[in-house]
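Scroll down for the structure; my scribbles are underneath it.
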Amino acid sequence: MKKIQAIRGMNDLLPSQSGRWQYLEGVVSDVLRRYHYQEIRFPILEQTELFKRSIGEVTDIVEKEMYTFLDRNDESVTLRPEGTACCVRACEENGLLYNQVQKLWYMGPMFRYEKPQKGRLRQFHQIGVEAFGMATPDVDAELLILSARLWRELGVADAVTLQLNSLGVPESRAKYREALVDYLSAHRENLDEDSQRRLETNPLRVLDSKDPATQALLVDAPRLGDFLDDESKDHFAQVCSLLDAAGVNYQVNERLVRGLDYYTKTVFEWVTDKLGAQGTVCAGGRYDGLVEQLGGRSTPAVGFAMGIERLVLLLEALECVPEAATQRPDVYIVAVGDVAAAGLALAESLRDALPYLAVQTHCGGGSFKSQMKKADKSEAAIALILGEDEVKAGQVTVKFLREQADQQMLQHGALIELLKTL
Ligand code: ATP
Ligand code: MG
């Protein structure tokens with residue numbers, strides 16, 4: 001029979017990999033706890049309208065990347081392509097925004113119908129952070145300081161750089177858009193195909209183009225910075241000086257525009273040159289208009305999302321996955337003969353005494369030799385051998401699997417002392 005396979009671009013996370021993910025998720029959630037950001041969870045499926053109204057009808061995501069289908073009741077639903085819109089929906093629906101301040105984070109799968117390649121999947125995973133109810137630049141800066149700490153704690157700080165820009169408020173952006181369209185329309189024939197299309201639908205995205213001819217044209221294009229309103233200019237200057245004071249380095253990148261419509265003022269990306277084309281590991285910005293756009297009361301907000309797959313790739317590329325994130329047991333219990341009860345009891349007593357220890361009990365029977373082979377393959381540091389003789393004597397044989405040392409017969413107390421030194 002033909003075997004059923006996973007959907008293209010949707011990966012399984014195998015046991016050999018999951019330790020890295022748990023490590024990363026653990027470091028991130030702990031950093032977030034230290035800044036007192038709280039976790040929120042919301043569904044994976046939402047009404048399609050939520051994303052159309054927030055991300056923007058003419059963005060890549062809504063135009064061609066969403067997993068949208070009719071449910072059994074003929075309602076159009078979409079697998080979430082990102083978390084910000086869902087987070088706003090959930091907060092608004094549960095009355096978390098009005099007259100309040102929220103500092104939140106979430107983690108989970110997102111879905112986009114993209115061309116699968118390294119660092120680009122159709123089901124990928126993000127950790128997102130959102131702060132609501134604060135219009136001042138201190139919170140923009142806090143999010144960037146938080147992410148900078150995260151890179152330090154993960155050991156990747158030297159491999160990422162922060163790119164920063166301001167998109168201004170919708171009015172100033174509209175003026176810039178007009179000027180940019182005027183300029184680019186005059187050179188339309190020199191634009192790449194994608195940019196020609198974007199010129200009509202989403203002209204700011206032309207600034208993103210990687211095409212050399214388009215890039216050359218952009219050198220003399222009107223500059224977004226020249227169109228910024230005073231308030232946005234001032235906000236941006238303050239974010240920059242707060243980052244300077246905190247010692248967070250950044251590059252102002254006037255071409256940074258981001259692919260979603262809802263951003264206002266500050267936008268940023270953390271990028272690395274260690275992953276090839278998919279170098280953005282974390283991206284976000286301020287979106288002061290979104291809550292209102294989705295039917296709530298005007299609420300300032302700022303947030304970012306990082307791609308877990310890309311961060312794991314970066315940890316691997318830099319070889320900064322700690323030993324503890326590789327999943328091997330500390331101890332492997334070999335139980336030969338009619339000693340199953342004693343084997344299980346020994347394992348339980350070790351777990352009681354040393355909660356951090358990973359104790360694997362051999363299950364499934366087999367000869368001493370075959371069990372020892374499995375113990376060795378497990379990469380445990382130590383095999384604890386229980387046979388009928390050991391059980392009678394109330395002892396355990398300790399065999400060191402990774403170092404040259406004589407095996408020993410130990411009683412329970414001495415065994416615990418020894419395992420404490422592991
Ligand atoms: P890109 O420019 O790489 O397409 P994006 O601007 O579409 O990214 P965002 O919507 O800002 O990405 O998502 C935030 C982060 O989520 C990205 O910086 C990236 O790390 C990750 N990400 C986005 N799309 C994917 C994907 N298809 N596969 C894996 N990770 C992704
Ligand atoms: Mg994208």
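Placement of Cβ uses the backbone N, Cα and C atoms for every residue, glycine included.
Among the candidates Arg72, Arg112, Arg149, the one that TrEMBL lists alongside Glu82, Gly83, Thr84, Gln126, Glu130, Arg258, Tyr262, Tyr263 as binding L-histidine is Arg112.
When the record's L-histidine-binding residues Glu82, Gly83, Thr84, Arg112, Gln126, Glu130, Arg258, Tyr262, Tyr263 are compared pairwise by CA position, the greatest distance found is 21 Å. Around the Cβ of Arg258 (L-histidine binding site), a 10 Å sphere holds 21 further Cβ atoms from the protein chains shown.
Over the domain 'Aminoacyl-transfer RNA synthetases class-II family profile' (1-329), the average per-residue pLDDT in this prediction is 95.
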